[in-house]
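Reading through the structure tokens given below for one structure.
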Amino acid sequence: MASVNHICHLCEEENVSNVATIWCAECETFLCKGCERHHSRIKASKRHQTITLDEYKKLPSFIVDIKSRCEKHDEKYDFYCKFHGDPCCVKCIKDKHKDCRDLDPLVEILRDIKTSAKVSNLDKEFNILLENFETVVKFLNFRTANLQENKTESLNEIRNMRASINKHLDKIEKKMVDDLSLEFNKIKLKSDQFNSEIEDKKKYIQNLQEDLSKLTMYATDLQIFIGLQYLEKSASEEVEVLHDLQKKGQLDEIRLETKFSSDLKCLTDNISTFGTAVAHSSPCTLQLKTSGKYQVHLSVPPKLTIDNIKLNLTTTLKIPNTFKKKEIIGCQILPDGRILILDRISTSLLLFSKNGKYLEKVMVVGSPPSDICYIKHNLIAVTIQHRETILLIDFLKKQITNTIKVSQNSFGIDSNGEVLVVNLHGCPPTLLTVNLDGNILSEIKVPGKFTIRTALSKNNIVCTDWHNRHIYCYTTDGILLWTNKYEDICEPFGITIDKNGFIFVASRKNDKIVVLSEDGETSKTILSKENGIVYPFAINIDKSSSTLLVTNSSNVVRDSQDKFKVDKYGKRLLELCRSLELFLANGRVGSDRGIGHSTCNYSVIDYAIVSPTLFRAVTDFNVLPFDPVPSDVHNHICLQLFSNIASVNNLNVSVDLDITNDSDIVIACEGESIVKPRWASD
């Protein structure tokens, strides 16, 4: 309402202009302070409900227009006609409502109106409406973001297609890109306009909700009652608006796709178009909350959770036998489905087809690498740990295009196509963000000296601390969002994130692949030893095809704290194991893996010796602390086996494990399980 100074009506009749301070709705009169004192003392008006002028100005305009007396007969309203939905005076009954039967005393209708369920229910309905319109706004913003991703995907398809054909397609490629951008801009323009309309609707609902609040605070009972009818009608109209939005397809899913011309493959001179940019819409799956009275039924889109994730084995990579010693330190699925493998032993970058067939050795990086990630186009990044460098490599040209120097040993690395995030192994470790020119954009200090692998998703960075079994999630600004430790993760190493934000972790020590929810609250083991997972190291997922690549460790070296020279008895033991194709568990599996604790003074003379089949069933091996009660010099050793070993016969995998520097184990599971050690000639 406009800010004006109202004049006291009673004084105005006496030609006196006194500023009013009070409004009496029942008298429909403005009163000054003096007249208000008389008004409050007169028997006929002392029970009238009055409000201050400031409170009156806060009333919605449609409430102010509601009169307390019948405008036609200038009589007080005494009854309410349910059939017509109108208050009426005694004369109205004779004129208009003489045949109406549902006439109730107005005093009964208005009793406890402010605290009635009608008020609270309407307020709840406004909350639901407001939340629904907020949901629509978020959906529209999300849809626009998806359209942007669709546009990016389509542009990539166009460029990939364009790269494989001759110069004749330059002209029609531009037309295709323009068509796609034009279609996107048309949709985005309409979406922005629609979004603006929805924002206006939100503001309108907020205003109505504020009106309801002011109505219950300042209006008379009759005004509240009539005002509620107006608000109910407004709420019903807005509910219908939501229904119409769905019915008219304005909330339908829209997806941009590219359709290439069938003539494109012919590569003839008569090709006149690169393709078309089209937008596909699908029925609305947006969920809007509903209440009992004004509900609009909309379908509920299923929310994807980690419980929905199911994996099927599609391809097994077979590394050539020429690489006898290998340690797969990193892996990457390229946009076209081909696979890059990073071997630490040979310092080689190996290329495989999407079907798992070995294609070629791309190049030798020279020094032991740590990790690999795809950037964009033909560009990848490889970290070289001890040289404190990041190599940017064009894998098609097989050339190093740039070398970025960093301040500490570099380990895990990931990219979003514009920047690189790399783990630096310092004290404390650092998550370093650099652009492709090597300029530092940010540095995040992280806890745990063993935080050495990372994955980038949207504006978040997730990293693993394999020693403390923690997963950390930071914003790119260095704010810690969450950290967690999981029972089903032991030595988390490789990490990757899919298009839904789900986090996949390679749990080395317990031979598992575990998936985490985006917020880190829930976890689920999706692959284990029964699926052929053995000491998984590197892991990567293709966001477009949801293809998960897992590499088992291929160089499990047997360690030992025994530094004495092997005597004749030790040589006989080794010869026995060679001849009978047996394995030593010490220093090779379980808690003793990578350690090889001494079992007698400073020597290792107490061994657990297992067959090849039992070796795969070992879940833990440990050298217990010395106890003088059972033995005066020897430590106890403890071997744990997994009993259900028959299931490995059905695995359709092929794994090549190099167990020691002088012995290999080959697992070929194709209908039957064949396991045997291979001993070096020396």
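Start at 1 and count along the chain as shown; that gives each residue its number.
Cβ coordinates are placed from backbone N, Cα and C, and glycine is handled just like the others.
TrEMBL annotations: computationally assigned, not manually curated.
Since the structure is predicted, the reported quantities are computational estimates derived from the model, not experimental observations.
Here's what TrEMBL has on this protein:
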DOMAIN    10-53  domain 'B box-type'
COILED    155-211  coiled coil
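Long-range contacts of the domain 'B box-type' (10-53) within its own chain (CB-CB distance under 8 A, at least 6 residues past either end) are made by residues 67-69, 218-223. Confidence across the domain 'B box-type' (10-53), taken as the mean pLDDT and rounded to a whole number, stands at 85. DSSP states for the domain 'B box-type' (10-53), grouped as helix (H, G, I), strand (E, B) and coil, give 14 helix, 10 strand, 20 coil.
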